[in-house]
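According to TrEMBL:
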type	residues	note
ACT_SITE	Cys520	active site, nucleophile
BINDING	Ala395, Ser396, Ala397, Pro398, Gly399, Gly400, Lys401, Asp419, Asp446, Asp463	S-adenosyl-L-methionine binding site
COMPBIAS	27-48	compositional bias 'Basic and acidic residues'
COMPBIAS	49-61	compositional bias 'Basic residues'
COMPBIAS	85-107	compositional bias 'Acidic residues'
COMPBIAS	118-127	compositional bias 'Acidic residues'
COMPBIAS	153-163	compositional bias 'Acidic residues'
COMPBIAS	218-237	compositional bias 'Basic and acidic residues'
COMPBIAS	596-617	compositional bias 'Polar residues'
DOMAIN	303-591	domain 'SAM-dependent MTase RsmB/NOP-type'
REGION	1-172	region 'Disordered'
REGION	216-238	region 'Disordered'
REGION	594-663	region 'Disordered'
Amino acid sequence: MGHRSRNKQPPPEPLKENASPKKPGKRKADAVEEKAARPAKKAKDQTQKSKKASKTKKKRASSADAWEDVEDDMDVKAQARSLFEDSDGEDDAFVGDLDEFDMDDDEPLRGPIQAFDFDTDEEESETEILGKTKKSKQIERPSQIIPTGSNSDSDDSDADSDDPITMANMEARSRALDAQAAAEAELDMEEMQAAAFDEDAEEDFDMDDEDEQVEVEDVSHLPTAEEKEEEKRKGGPDVHVVQRRMRQCVRVLGKFSKRAEQGRSRSEYVEQLVSDIASYYGYNEFLAEKLFQLFPVAEAIEFFEANEVPRPVTIRTNTLRTRRRDLAQALVNRGVNLEPIGKWTNVGLQVFESSVPIGATPEYLAGHYMLQAASSFLPVIALAPQPNERVLDMASAPGGKTTHIAALLQNTGVVFANDANKARTKSLSANVHRLGCKNVVVCSYDGREFPKVMGGFDRVLLDAPCSGTGVISKDSSVKVNKSERDFTLLAHLQKQLILCAIDSVSPDSKTGGYLVYSTCSVTVDENEAVVDYALKKRPNVKLVDTGLEFGREGYTKYRGKVFNPSVSLTRRFYPHVHNMDGFYVAKFKVEKRGKNSTQETSNNGKVDTEVTGITETNVDEKGEPIGFDDEEDRPYLEEAARRRMKAKGLRPPPRTSTVKTAA
C-alpha cells in the first residue's frame, strides 16, 4: 500500500507549483499539467488499511533509515534519477530536474515517491499496465546457459524463434535445428575425446611419490600358487577382491610393457583374468576362455557384463492382420509404453513397460503381433522372400521366423515349416493358426533327410541348432553345461545341415536360389568355420551381401585359421554393441553346377578325405581311390543287427546270407 498507510492518513496532496523557488520549465510544466489532469486513484478500504498498518510502518521506517544513511556530499540528484529511470512504468516516469525541491527537507522528495503504489493490485491505470508488459533486463537474458555455437548463430536462432511458424519458414527452421543439433553433437564428441585424452595422460603420468608407487605395485600384484590355494581353502576369493583384480588386469594388459609386474608374462595375466571372469560371472573356465578369445581385453569384459542384463522386450507386428501404427495405438490405449525398434525394420516395436501382460492382451490373442526377439528379425530380412515362392524353414519351431516369412509372402506361395522335434510342432502349429498364416505346411523330418524328402525350393532358411552362447542373458544354464565335446558335436551337425540345405535350393529358380544360415551363437566354430566348410564342399555356391545395414563383419582370420575372404560378407551381432542377442547371419547364392563341380576337391586338388573317408593310402597302383563293396559288407551288417536285437531280448529275423569266416 506504499507510504500512504502511515497513521492512516489520506493520500498526500500533489505538489504545489510554488514548492520550488525556481520557475518550472516548459517540459516540466507540461508534465505537471498532465499529472493534474489524470484522475486520482481510489482510496483503499479501511479494513485493508487496518490489516497492513503494522507492515507499512516497518516499510516507512526502513525507507527513512535509507534516506538518513545518504551522505551529504553524495549526488542525490543522480541517485533519484536512476531510481526513476529503472522503474517499469514509462508514462509515470519522473520528468525534469530536482532543483525545484528544497534539498534541506526530505519530505518533498517523499511526495512523488508515494504516488507509486507498488503493493496494490486493484484498478491500475492503463499506463501502468502497459509499463509492466515491457521486458526487463533479466527477461532479455539468453535462455541457454552453455553456448553451442557462435554468437551470430545464436542471435539468428533467437530471431527465428521469435517469428511465428509458417509454411514458408518451416523448412529453414528445421534446417537450423538440424545444424544446431549437429554442432552440439560435434562439441560433445570433442569434449569426450578431450576427456579420454586427459584420462590417458593421467594414467601415463609417472608418479614420483613413494606411497603412490607402493599402491600401484600392490594393485598390479598377481597372486601366487600358495595364495590361490589359501583362497580356495577359505571358500573362494572375495567378490570385491576379484572385481578389483579384474579391473587392474585389464589395465595392465592395455599397456603391458609399462604396467606389468617384473618377472610376470602376459599369459599369466590373461590366465588370471579368465579365472576371475569365470568365478565372478559364474562360467566354467573352458567357456570363459573361449568367449574371452573373441574380443580385445576391454571389450571382453563389456561382453560378459552385457550377458548379465536382460535384452529389451520386442514384438513383431503381424502385417497379415494389422498395421504397426494401429497396433501401437491400441497397445498405448491399454497402458503399454513402446516405440519403434529402429529404421532397419518396419514391423518391430520395443516395449519399455506395460500395465497389462504383453503376452495375454486381446491383440495378442487375435494374432496382431508375435513376441519375438529383435535378433530373430535379421535372418528373415536377409532372406527377403518374394511372393509366390516356395520357401523352406528347416528348423522352424516355435514359428516366429516362419510366420514372418508368411507375412512377407502375403499368404502367397507356400512355406514348409519343418522341425526335427515333433513335440515342438504343437507350438508351431498354434502360432501359425493364431497369426492367420494360410500358406504354411508343418512337417517333422530330420533336416539331413530333406533333400531326399523334397527339394527344389526358391529360398531356404536354416536357423541351425547351436550352443546358445548369444542368448546367455535368457538362459544362464549355458554358462556351466557346455563343454568342448558339445561344440564339436554341434559344429559337425551344423556342417551336415548346411550341405543339405544347399542341396535343397533350386539353382534354376528365377527369383530366388538363396540360402540364409544363422545361429544364436557367437563362437567361430559354429559360424565362420561352418560357412567356410560349405564353400569348400559346394563350389557352386558363393556368399553375397546380407542386405543388413549394421552388424560387424565376420572373421576371415582367427587364431591361426584362415577362412575364405568372402566370409567378411557375413554379419555378427553382439549384445554389448547392438543391444540384442548375439547372432550370426550368412547368405549364400546357389548357382548351377558346372562340369567340374561334381568332383569335391580341396584347394590343393586332392580328393577330400572328410567326405569320402578315403585316405592317401587307400588307392591302387593307378592312383584311383578304392571304394567299398556293399554286397560284401551286407552279411556283416545283418549279423551285427541280429546281435543287437538278441541283446534287447527281441527275436531276430532269419539270416538271408551267411558270413564267411576266415580259414
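The backbone N, Cα and C atoms fix where each Cβ goes, glycine too.
Looking at the domain 'SAM-dependent MTase RsmB/NOP-type' (303-591) alone, the prediction's average pLDDT is 94. The separation of Cys520 (active site, nucleophile) from Gly399 (S-adenosyl-L-methionine binding site), Cα to Cα, is 16 Å. Cα spacing between Ala395 (S-adenosyl-L-methionine binding site) and Cys520 (active site, nucleophile): 13 Å, rounded to the nearest whole number. By the criterion of other Cβ atoms within 10 Å of the residue's own Cβ, the least surrounded of the recorded positions Ala395, Ala397, Cys520 is Ala395. For Cys520 (active site, nucleophile) paired with Asp446 (S-adenosyl-L-methionine binding site), the C-alpha to C-alpha distance reads 20 Å.
Across the compositional bias 'Basic and acidic residues' (218-237), the DSSP tally of helix, strand and coil residues reads 11 helix, 0 strand, 9 coil.
Cβ neighbour count for Gly399 (S-adenosyl-L-methionine binding site) (all protein chains, 10 Å cutoff from its Cβ): 28. Listed in sequence order, the residues of the same chain lying 6 or more apart from Lys401 (S-adenosyl-L-methionine binding site) and placing their CB within less than 8 Å of its CB are Ser376, Pro379, Val380, Asp393, Leu461, Asp463. Spread of the S-adenosyl-L-methionine binding residues is 20 Å (greatest Cα-Cα distance among Ala395, Ser396, Ala397, Pro398, Gly399, Gly400, Lys401, Asp419, Asp446, Asp463).
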